[in-house]
Amino acid sequence: MCDVVLGAQWGDEGKGKLVDLLCDDIEVCARCAGGNNAGHTIVVGKTKYDFHMLPSGLVNPKCQNILGSGVVVHIPSFFEELENLEKKGLDCRNRLFVSSRAHLVFDFHQRTDKLKEAELSENKKSIGTTGKGIGPTYSTKASRSGIRVHHLVSDDPDAWDEFKTRYYRLVDSRYKRYGEFEYDAEAELERYKKYREVLKPFVVDSVNFMHKAIKDKKRILVEGANALMLDIDFGTYPYVTSSSTGIGGVLTGLGLPPTAIRNVYGVVKAYTTRVGEGPFPTEQLNEVGEKLQDIGAEFGVTTGRKRRCGWLDLVVMKYSTAINGYTSLNITKLDVLDTFKEIKVGVSYTYKGKKLESFPEDLNVLKNVEVDYVTLPGWEQDITGIKKYSDLPENAQKYLKFIEDFLEVPIEWVGTGPARESMLTK
């Protein structure tokens with residue numbers, strides 16, 4: 001059976017830390033969607049590991065790790081991240097696999113991603129993309145013109161010629177769309193010719209891999225990337241990523257039936273952050289937001305961009321919970337709220353004098369809602385590293401209880417500091 005870790009807000013909730021904790025007791029860690037546009041840091045002892053595309057399960061020497069067919073793979077970044085982990089002492093090569101059905105991200109995807117963003121910026125419609133080529137790759141995938149891993153590593157004698165044909169067809173289509181932008185197609189093609197043999201040992205049929213693991217009753221953890229509010233269907237479209245980041249993406253990205261899922265863990269920051277553009281109802285463009293940003297060290301691992309900060313939004317969380325069906329929650333970075341005398345929580349939206357019954361799909365509505373807040377007392381004491389739930393200050397426990405009661409989902413873990421060990425189990 002599979003347990004799943006999913007981001008419940010707009011990403012950067014601290015999923016990697018929970019995955020790291022759970023990885024101590026699992027045998028397979030899988031990524032189902034996204035690419036190297038994700039980013040999180042895991043600290044083991046005094047060593048810090050930055051992950052973008054590769055599964056966090058690599059920190060566990062006994063855990064196998066796989067990128068599923070829903071993931072899009074930029075091969076140079078794949079090997080760069082792998083080498084960086086190996087330099088820090090992780091033995092990864094015999095424990096890391098890539099789906100033969102995963103689509104490839106090329107440099108021209110990244111180049112056109114930035115060109116597209118520049119176009120949108122001129123019209124003041126910027127999405128705030130990471131520029132990693134994720135959107136253009138999913139676009140070519142959806143248009144059935146993309147190139148998959150098996151196209152690159154196939155042993156068929158005509159495979160390389162077919163790969164080149166597919167590649168030039170894609171490049172030509174980008175030139176037609178964006179003009180003769182600066183890009184060396186020949187040089188990239190030569191690099192991929194070398195990658196053919198280097199990548200081959202990592203490539204597997206991911207559907208067969210996952211179903212064999214299930215049949216063998218292995219303990220499996222699926223590591224979600226990004227978060228529900230960035231989902232292509234259910235997020236704040238168009239300010240979203242280009243893949244299914246919710247529970248649906250787990251099934252389609254790994255070829256799993258719903259019956260394979262046992263637990264769905266929603267990871268929730270004790271306040272709310274967002275990177276890039278898009279509506280953010282509880283955002284605090286004031287001293288509160290700056291304080292959260294400063295204490296929480298809210299800077300993106302992948303982009304280095306400052307994260308926008310605001311109060312916890314339980315309207316977002318109610319919506320996220322309904323879609324993903326969390327069986328329990330991990331509240332992270334509770335310690336960031338230690339110095340607040342009062343803490344606000346968004347509990348409903350009002351639009352033109354009427355309370356909304358659900359999270360609105362229309363961004364023109366979302367941009368103009370008034371957030372209805374409940375104000376709770378802070379605890380104003382340092383909780384860093386507390387190991388027992390009962391040792392938390394009374395007001396901290398009340399804050400967590402309020403979240404549980406509102407969402408009707410139990411909290412199982414609470415993050416009380418940045419260290420790997422700073423996570424208590426309720």
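Using N, Cα and C of the backbone, Cβ positions are placed for all residues, glycine too.
Look at Swiss-Prot and you will find 11-17, 39-41, R307, 333-335, 415-417 tagged as GTP binding site.
The active site, proton acceptor feature in Swiss-Prot is assigned to D12; the stated evidence is sequence analysis. Using a 10 Å Cβ-Cβ cutoff, D12 (active site, proton acceptor) registers 26 neighbours.
DSSP gives N226 (IMP binding site) a coil state; it is part of no helix or strand. Proximity of N226 (IMP binding site) to non-local residues of its own chain (separation of 6 or more, Cβ distance below 8 Å) is seen for G7, G11, A33, G34, N37, A38, T241, S243, T245, given in sequence order. Here Swiss-Prot flags D12, E13, G14, K15, N37, A38, G39, H40, T130, R144, N226, T241, R305 as IMP binding site.
The Mg(2+) binding site annotation in Swiss-Prot covers D12, G39, and the record cites sequence analysis as its basis.
A strand conformation is recorded for H40 (active site, proton donor) in the three-state DSSP classification. Annotated active site, proton donor per Swiss-Prot: H40, in sequence order.
Packing around R307 (substrate binding site) is summarised by its Cβ count: 22 other Cβ atoms lie within 10 angstroms of its Cβ, all protein chains included. Secondary structure from DSSP puts R307 (substrate binding site) in coil. Among the features that Swiss-Prot reports, substrate binding site is placed at V301, T302, T303, G304, R305, K306, R307, with the record citing sequence analysis.
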- Checking the binding-site residues G14, K17, T130, R305, K306, R307 against H40 (active site, proton donor) with a 10 Å Cα-Cα cut-off, in sequence order, leaves G14, K17
- Report, in whole Å, the straight Cα-to-Cα distance of K306 (substrate binding site) from G14 (GTP binding site). 16
- Query: Which has the fewest other CB atoms in a 10 Å radius around its CB: G39, G304, the listed binding-site residues?
  - Reply: G304
- Message: Just to verify: the residue among G11, G14 with the fewest other Cβ atoms within 10 Å, which of the binding-site residues is it?
- Response: G14
